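Single-structure report; data block below.
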């Protein structure tokens, strides 16, 4: 469904699931989940819970007494580099887009001028279509065939990852490369999108890569930051990366922190807040430094990729506040309508457009449609304005007189970010009402069909551009209704319209308000912005959820929101749990372990007392062991019978070395000697001896809060005698 490709899994993963579903010829394996309604999500959780087994205890007792200080210092160093590298990637994207766009639009300006003089309107249109289609084709080919997870903005993917969902390849280096190139080609190809949203995803990938001290893509281990190689530590750094991405995009470090708090991160502590803010500040400062130097600015005023320019003071009258609230209501309605159409369109795409080459053709066609609408507006609307009033670098004369430019063409002959800036700062009377009335529905339509293509771009800029256009249009109508009024400032109403449209689509209040205040530098205008955003959110929430939450919901991702669904209000654990559970004994045969790993795809197994073979589920709960731990045990041959060879050398590093790409059971080559399968594994030193568990009569809302607050992946359900009666994963909340 979703433009973020949330519901797709790779071909290799599909094949792995098919292999796991095969029945073992030698041994009957108990069914892990036996219920009338099967969870429908394809996504697994991440192991945020720390496994405090004997190996972990041993490390705590024998580690360097100064290791805690070293780790804290290393966290700050990693946070520093996250901010710097995120900003540098943002600078590379911004400079590439700016230079390519300059060449594109200056060449098109000359083509229009030369051909219009000869009365030829066809060739400029053909050139425009070609120069839109070529870069979009390149970007779409990369996303479709190289890394589909790089599609869209990536914000829903990052939200899912930080919520505890394992999204395949979401923080890989290849994803970052395809994302960066894809954003450049999409924006330069004239699609209705921007580079700001994808910066969140770029920052998350950078953070995940730096914090591990190794590259799985290049099969290179730098032997650094080994103690950060688990899902718990990696998650915290990804929070810093997401915040740094927002700070780089908008030059808003406080807004980046609040974005991570409001939209992205699910788990917080005080030290993480400080490191997140630090990464955001470093990212914003680095980008300011580099881009200001690149543009030859001496006072370092290039605050972010989305640079709105300096706003003059925007005073407002108190009687305008109801107008701003009404604009927020309209933004909420417009955003809800946009989400409804876009969601239906993307569901249709996933059902009916499955071939990759057709998705590439679709992206090229949308690029051509964008050029077609632009040319129609330029050719049919006579909106001539004197030169000097428009900040466009490449003003187009078209059918206007000498020393005039076409204001309708000015909206298209620049990047969407530049168009937003123009609508904010153009003097009164820079656009005809007709121009804006035609532009708003066209760009609303283009942004809707674009968000969902197999390309990399975000939704922030199209929403801001549509909102700024109808906000400026509202100011024009007010000027007609109240001639001579001094309070009507087109830039002010464009800003409120932009906030309302964006708020009605993404439904962020706190972070978006701070981002807009920091971006515009108008702290005294915070009240109107907050009123517009709040009105937009309340109105939009009446009809549907925000675009990111809607994508997650339709994709059936087991995402845990802040509160338990109302349908579980009086439900108990035994109503949603998996009733038959694959358990392992304290000392288990290798043969049984290999069989359950090959014939199930489950990621955790309760450990019970030593009972007979056919009554494993009758034992009392002793601990919990993960699939990845069992695979490492088999790979390293940590068997009870060979204990004398490895007991003194084993450490938790053996498991960290395999993170994050643990091998599959099919990759494990055991001895062909049948006796090897008679070996046993002692779970005592590997398992988590104190897993989280609940009684079968515990209420589901209480269980939900445990999952939400602790980031659990599995929760064992027991009866009065501490016997395992079921197991709950986050998928069970989708029932």
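Cβ coordinates come from backbone N, Cα and C, glycine included.
Please treat TrEMBL annotations as automatic predictions, because they have not gone through curation.
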### Residues flagged as transmembrane segment in TrEMBL, choosing from 414-437, 486-509, 510-533
510-533
#### Entry: Given ranges 8-29, 30-51, 206-227, 360-381, the stretch to which TrEMBL attaches the annotation transmembrane segment
360-381
### Message
For the annotation transmembrane segment in TrEMBL, which listed range does it cover: 390-410, 453-473?
### Response
453-473
### Query
Sequence gap of 6 or more, Cβ distance under 8 Å, 3 or more pairs: do the transmembrane segment (125-146) and the transmembrane segment (272-294) meet that?
no
### Query
Counting only residues 6+ away from its ends, which parts of the chain sit with a Cβ under 8 Å from the transmembrane segment (236-260)?
75, 78-79, 82-83, 86-87, 90, 158, 161-162, 171, 195-197, 199-208, 210-211, 228, 272-273, 275-284, 287-288, 302-307, 460, 508, 510-512, 514-515, 518-519
### Query
Could you give the number of helix, strand and coil residues in the domain 'CBS' (687-735) as assigned by DSSP?
16 helix, 17 strand, 16 coil
### Summary
Secondary structure of the domain 'CBS' (577-641) by DSSP, residue by residue, totals 28 helix, 18 strand, 19 coil
### Query
Counting only residues 6+ away from its ends, which parts of the chain sit with a Cβ under 8 Å from the transmembrane segment (360-381)?
121, 124-125, 128-129, 132-133, 136-137, 139-141, 144, 189-192, 349, 353, 396, 398, 406, 408-409, 411-412, 432, 434-435, 438-439, 442, 446, 449-450, 453-455
### Query
So which residues does the transmembrane segment (272-294) touch in its own chain, when a touch means Cβ under 8 Å and the partner is 6 or more beyond its ends?
75-76, 79-80, 82-84, 86-88, 90-91, 94-95, 203, 207, 236, 239-241, 243-248, 251-254, 256-257, 260-261, 265, 300-305
### Range from 73-97, 176-194, 321-339, 510-533 with the greatest count of C-beta pairs under 8 A to the transmembrane segment (453-473)
176-194
